[in-house]
């Protein structure tokens, strides 16, 4: 079983750089290269990777429109990037010797904190500063402390959910291999892909609902 604690690789001055960070950099480079190759020859009639990419974007555009409304399209870059990046990190165990960075709590916490900060910025831009503050007094003024606490707890909930589910998945897979050593690896790999996809989608869907909460002003 993989250790939860990341391995220290090197230092940038006094700052230690851990395996989680290096693995994340590798995935980012691979993603950028893949997107460049998929979009370098765009055509009016999409084919191959371009077709898959457009179908993916259309799916999330439809989801945003369904939950937020017509103005949901402006949040498509954030939502699509979140899903692709988290999914790629979740499935990075396909690369020999690489541990998924999302199995490190610091990675999931960084995703969660960044996402919630962006949601607050979207809320202020949509409602204005007064409307943003007033939002915390809804539906009744005495709920202000609870609404503030709820907002502060969101990054904790997001980060622990993603980390815990992925760590639990690894535990289940390890136990299955120990109990049934002759089990074919293909079903286990498919289970890992399914779980990684579900967790990336859940994180993205929660982000959309948080944005919708501010956009709709309730």
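Any Cβ shown, glycine's included, is placed from N, Cα and C.
Range annotated as transmembrane segment by Swiss-Prot, chosen from 41-61, 104-124: 104-124.
Remote same-chain residues near the transmembrane segment (75-95) are listed as 23-24, 26-28, 30-31, 56-57, 60-61, 63-64, 68, 101-102, 107, 111, 115, 118, 122, 162, 166, 189, 192-193, 195-197, 199-201, 203-204, 207-208, 211 (criterion: CB distance under 8 Å, separation of at least six residues from the stretch ends). Nonlocal intrachain contacts for the transmembrane segment (17-37), taken as residues 6+ away from its ends with a CB within less than 8 angstroms of a stretch CB, comprise 6-11, 49, 84-85, 88-89, 92, 95, 98-101, 104, 106-107. Within the chain, the transmembrane segment (196-216) has long-range Cβ neighbours (under 8 A, six or more residues past its boundaries) at 60, 63-64, 67-69, 71-72, 75, 78-79, 82-83, 86-87, 90-91, 100, 102, 111, 115-116, 119, 122-123, 126-127, 132, 135, 154, 158, 161-162, 165-166, 169.
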